[in-house]
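For reference, TrEMBL has these:
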- B:Thr101, B:Ser102, B:Phe133, B:Pro134, B:Thr135, B:Asp136, B:Asp202, B:His205, B:Tyr227, B:Trp257, B:Thr283: pyridoxal 5'-phosphate binding site (BINDING)
- B:Lys228: N6-(pyridoxal phosphate)lysine (MOD_RES)
Number of protein chains: 2
Amino acid sequence: MSEVPNLEERAAALDAVDELGKLREQFVLDDGTVYLDGNSLGALPSSVPGRVADVVEREWGRLRIRSWTESGWWTAPERIGDRIAPIVGAAAGQIVVGDSTSVNVFKALVGAVRLSGGPDAGRDEILVDSSTFPTDGYIAESAARMTGCTLRPTAPADIPGAVGPRTAAVLVNHVDYRTGRLHDLPGITAAVRAAGALAVWDLCHSAGALPVGLDEHGVDLAVGCTYKFLNGGPGSPAYLYVAERHQAVFDSPLPGWNSHAEPFGMRPGYAPADGALRGRVGTPDILSMLALEESLKVWDGVSVAAVREKSLALTDFFLECVAAHVPAGRVASVTPEVHAERGSQVALRCDGAAAVMDELIARGVVGDFRAPDVLRFGFTPLYVGFAEVERAARVLGEVLAR
Amino acid sequence: MSEVPNLEERAAALDAVDELGKLREQFVLDDGTVYLDGNSLGALPSSVPGRVADVVEREWGRLRIRSWTESGWWTAPERIGDRIAPIVGAAAGQIVVGDSTSVNVFKALVGAVRLSGGPDAGRDEILVDSSTFPTDGYIAESAARMTGCTLRPTAPADIPGAVGPRTAAVLVNHVDYRTGRLHDLPGITAAVRAAGALAVWDLCHSAGALPVGLDEHGVDLAVGCTYKFLNGGPGSPAYLYVAERHQAVFDSPLPGWNSHAEPFGMRPGYAPADGALRGRVGTPDILSMLALEESLKVWDGVSVAAVREKSLALTDFFLECVAAHVPAGRVASVTPEVHAERGSQVALRCDGAAAVMDELIARGVVGDFRAPDVLRFGFTPLYVGFAEVERAARVLGEVLAR
């Protein structure tokens, strides 16, 4: 325990020079809690309650139907998409917000199979990240069934060797939800494209935590949620990225009236809109969507490179504090040591992890448990500080020393 | 114009005995506006702003991730479904809330084709209401394409004669969005079922305005939005009804993790949950969903039969006032005269309808325009009164007399 004062001093010194540290003021947080679950539900940005009240009381309550035009409700999905774009390295006009991640995985994956030519062109196989968050696998199975493809679960690292002339599309997570492993987006994308197939990336655990570089790396399609590192609120709408080069032929399996070229023409025949809004479906859920729009304002002037730098410093420091505070052999990190392979979370395998997490939460350190035996701690660089990291590891050590 | 005082007196007398009249106090309305667009976006119930503030500030802001269990977020889709159930004549456990209407049409229609046996059983045709709100037709085309069926647009009245051994499923609107015509749900459902096919009903323009009787009439599947006569707020989530007898074999094309039997088991293989929640997909949009839940409390103790009675009285009176106030030949109602064929709106064909509606709105009478030439007026019995109806018709007469 001799290292403890040293770690506390180190934490204080790191906080003192943290250029993102002042952003914490823009969130509703209490100093009694170390919130390390922003990778599941981001904290509330302070300006959101006022904005939501205005949407409900004035825009809905007083303007009512007029708000679809006068308050900009109708164009919110593409407008908010353009706010997300710089965070994931996309030029404007390629992202549209709406629906859940699962629904967007379906749109993207079926769209990708069709863009590849699909079974008619001899491409009848979809590869899916074998360690994926489950919903992607379930939806991929449905997409395969409905497009006449077979589904082959493949570890992300094995994808470059597995893609071939029969591959239509590949669905892979940028960061593994359980281990926090960051997969090689540039390399896998290049290999998939070289095989004539399309890659669909799930950015749920990377967007807002590290540079994604969608345009730079030639990604075809991507989806992501907005309630983790983007702090959009519980169940806030997800988004779909369709690279500009694919938009003119992107063929959505959910061609709702919001994606029509002339939605208020009320025409019996479908004609898709141009651009990203071809990925829209039905009427957008305005309350959740405008809460998200307000939340994203926190990002004004924030550098994703600085976020990544702090994220790695936070997870490095957490691993160091865990090594110092936790009795030997009680936990084992399943998160890669190497920076190039690490997202913005640390996952610790631990006997009795579910009960341990309950006790941590009771003591004010909030992470989450993922079956069967993982303690998961997410580090949101916009509002987590180094002293909190030290405290979280110290409390974990206390719980496991009992 | 000699009838005008008479109509004003009649309106006052009707308002005086209106047993639903006191419900208007539960909504945010201004007496300067006659709001006849509740069939597009329902007015704001007065208790919603406080509830939404609590969801944002306490449940998200302070409890954060704990709210998924402690604030009942996780079970909201089925809990709110059970609140909608009595309004549409369904027993509990058959409705789940989430996603847009378009997405639910896709789930329901693909699910219906599969329940019918589909092309493998010789059922390779989907009939779709030829006068449908466009999104249903677009989504039906996608559902047909992805299940190996062909799509046949059919007028609702012709469906009983058109269904046959090749029919897999039929998608039809309960009330036509443009004309306000109420279709024969019991008769069409019986004919579809007698042919061994399944009927999917779109209740967007009927739920909350008239008795639907889903269980009583043996409906197979139904969908509807919640932002019209249910006043859930802009883009509030839609719902899916799957009759209990179909739930064990209902096979969703969007099997997201929220529909898994054990969603937090994080299992690679999909196993559907029992009951209505098999229709869930991804993480529900909590802000919109809990605003809807609060909105539905207005319905506590309200009889749908009384709502229907008032709805017909309102539309009868409006037609009478239009006949008295509007210069002859300037408008023609396309809404059926017969009560059994009328929903809760009146649609008037009118030259220059778009400009006429702009002028009506400028004078405080809010309806909407539907291409190419329809003035549409919706009557929400929970908050529209007879004096307002008279005023709306009078202002319309003034505008058209210019």
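Backbone N, Cα and C define each Cβ position, glycine as well.
Unlike curated records, TrEMBL annotations are generated automatically.
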Chain A, Cβ under 8 Å: which of the recorded positions B:Thr101, B:Thr135, B:Asp202, B:Tyr227, B:Lys228, B:Thr283 qualify: B:Thr101, B:Thr135, B:Tyr227, B:Thr283
Entry from the binding-site residues list B:Phe133, B:Tyr227 having the most other CB atoms no farther than 10 A: B:Tyr227
Collapsed DSSP category at B:Tyr227 (pyridoxal 5'-phosphate binding site): coil
Annotated pyridoxal 5'-phosphate contacts B:Thr101, B:Ser102, B:Phe133, B:Pro134, B:Thr135, B:Asp136, B:Asp202, B:His205, B:Tyr227, B:Trp257, B:Thr283, maximal Cα-Cα distance (Å, integer): 30
Under 8 Å by Cβ from B:Asp202 (pyridoxal 5'-phosphate binding site), same chain, sequence gap 6 or more: B:Thr101, B:Val105, B:Asp129, B:Thr132, B:Phe133, B:Asp136, B:Leu171, B:Val172, B:Asn173, B:His174, B:Ala222, B:Val223, B:Gly224
Cβ neighbour count (within 10 Å, all chains shown) around B:Thr283 (pyridoxal 5'-phosphate binding site): 25
Close in space, distant in sequence - B:Thr135 (pyridoxal 5'-phosphate binding site), Cβ under 8 Å, 6 or more apart: B:Thr101, B:Ser102, B:Val105
Distant-in-sequence Cβ neighbours of B:Lys228 (N6-(pyridoxal phosphate)lysine), under 8 Å, six or more positions away: B:Gly38, B:Asn39, B:Ser40, B:Leu41, B:Gly42, B:Cys204, B:His205, B:Ala207, B:Gly208, B:Gly378
Three-state secondary structure, which DSSP defines for B:Asp202 (pyridoxal 5'-phosphate binding site): strand
